[in-house]
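Some notes on the structure that comes next.
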Amino acid sequence: MSWLSSSQGVVLTAYHPSGKDQTVGNSHAKAGEEATSSRRYGQYTMNQESTTIKVMEKPPFDRSISQDSLDELSMEDYWIELENIKKSSENSQEDQEVVVVKEPDEGELEEEWLKEAGLSNLFGESAGDPQESIVFLSTLTRTQAAAVQKRVETVSQTLRKKNKQYQIPDVRDIFAQQRESKETAPGGTESQSLRTNENKYQGRDDEASNLVGEEKLIPPEETPAPETDINLEVSFAEQALNQKESSKEKIQKSKGDDATLPSFRLPKDKTGTTRIGDLAPQDMKKVCHLALIELTALYDVLGIELKQQKAVKIKTKDSGLFCVPLTALLEQDQRKVPGMRIPLIFQKLISRIEERGLETEGLLRIPGAAIRIKNLCQELEAKFYEGTFNWESVKQHDAASLLKLFIRELPQPLLSVEYLKAFQAVQNLPTKKQQLQALNLLVILLPDANRDTLKALLEFLQRVIDNKEKNKMTVMNVAMVMAPNLFMCHALGLKSSEQREFVMAAGTANTMHLLIKYQKLLWTIPKFIVNQVRKQNTENHKKDKRAMKKLLKKMAYDREKYEKQDKSTNDADVPQGVIRVQAPHLSKVSMAIQLTEELKASDVLARFLSQESGVAQTLKKGEVFLYEIGGNIGERCLDDDTYMKDLYQLNPNAEWVIKSKPL
């Protein structure tokens, strides 16, 4: 029995359009027994070209049939794509060096985690002055603090075993001070506000969960997509813990159909939504530290193991197109196009696919001819940067195969070696909301080059799906085809059992589906993390101010007189309830604006742009932005719907500047 025939009757429960429900576990077990060794696939990096394969008597690519039949065949898409990848690797003449993942020693994993979380000065030679870390720790939630404490204790025990003479402060003492200060707050306001903010979303979440649970009783075409807001004001791990403690959480089986996935949305925040790219580098660094701690805390609360991996450095190409690290590729691209954030070859391949139209049936699914793909690769390597490559000779399916090949042949995965296991573990989280929250944090943690390229890929995939009526590529089909290109490479040279491979197929396809469907939400920085950054900055300012006062006192400087003069100057310059907006690059460089309840950032921009003349008049909305600078934030680009009075109350010491975004 061939693998194609054996898999024909296997359907992922998550994608089954009918009311006949089977458990995922039983499906996996059955598939594991029936699968043959041809499904095995272990190598991560290899020179691969897509190739045609022998198909069933009823060609899987002839899909001008009902939508239900398309969904039932989606699992077949996964195995066909996997077979294409395997055959292309067998046909390739060159073998790229496999990325080796280092197995960490005892305590090494936790030590590396603390470094990544910005807490390296809690141990080692710098442990003598942990003040910066103490400020950082004082801003953490209880679940975040527990995650840090757990890992510090492991490192501490390991170092004692190795007789290392490092002084490691007991973070329980630090957190005891933190808890004491919170407990003495009048009325326990922090705990109450946390639960209040969470409870206002809880009813909506439960309602959405009920809709998901009842979906099987209603035909898919009549099922309304449940809508629920994502709570970005409260720590995700805190939400999970509170739901766990109150036993209100309804654990739902993963479902992949668009008809059953909740239609998550971001509630409007009067102080503005913060997206990746809106913050200054120094604040974004703090965001990444907090995102790692929050992700770990979420996995800890839900009992999911989170292990970071580290790739051993291997020799890679530093020029060319394929098998080149993203950073090296961007460096050579930026010499041609300054400010380039996405590889030129990646953009050109997407552009070539779209030039021929996205309505082509089987787009992304049907592979290009293996020999032709191999020849195109060699020709691209030789002529792309010279500008002499003939793009007219590239067929649409060939361009799609080259795009997938580019992703597979990256020396390290697009989802990064460090976090690919965490991406895979997303499938183990109990609810879709928690899976979405984890993916949000993981996207934040990706290196800039990986994150930007992933964003371009997901946006392209969505455009393909938008033409599903003609190209027969639903979100499930696209997820099934793309999942092995992003995830199966993560075996990193290790073989896996057939049953494990099937489980991974189901899980990674579901995760790919979530990445595509919720991509607009995933590039948002949660408000609770931004608030923690603000708190850290405030505490650091206080510390710096105390140090400055001591310095001024030693210098016998007339501090009081200076402060009075400075205060009187500021008070006279900006009346109460008015902000002064600076626009150094516009013809009107400054304007005093009265704050009102309804004044938005877009209104401020409109006032400036309406008064422009000459060359500056050509500026359009979207070319310049209003920034919040200083106070309790480094720098933040404001979205149009930010209510200025609310933000002013949150950060009264900020300056307001209109400028363009840096490249």
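Here the Cβ of each residue, glycine as well, is placed from N, Cα and C on the backbone.
Over in Swiss-Prot, the protein carries these features:
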COMPBIAS  197-219  compositional bias 'Basic and acidic residues'
COMPBIAS  245-258  compositional bias 'Basic and acidic residues'
DOMAIN    324-523  domain 'Rho-GAP'
MOD_RES   SER66  phosphoserine
MOD_RES   SER69  phosphoserine
MOD_RES   THR158  phosphothreonine
MOD_RES   SER263  phosphoserine
MOD_RES   SER610  phosphoserine
Those modified residues listed as THR158, SER263, SER610, and which of them has the most Cβ atoms within 10 Å of its own Cβ: THR158
Integer average pLDDT (0 to 100) for the domain 'Rho-GAP' (324-523): 90
Rounded inter-Cα distance in Å - SER263 (phosphoserine), SER610 (phosphoserine): 38
SER263 (phosphoserine): secondary structure state under DSSP, collapsed to three categories: strand
SER610 (phosphoserine) to THR158 (phosphothreonine) - Cα separation in whole Å: 64
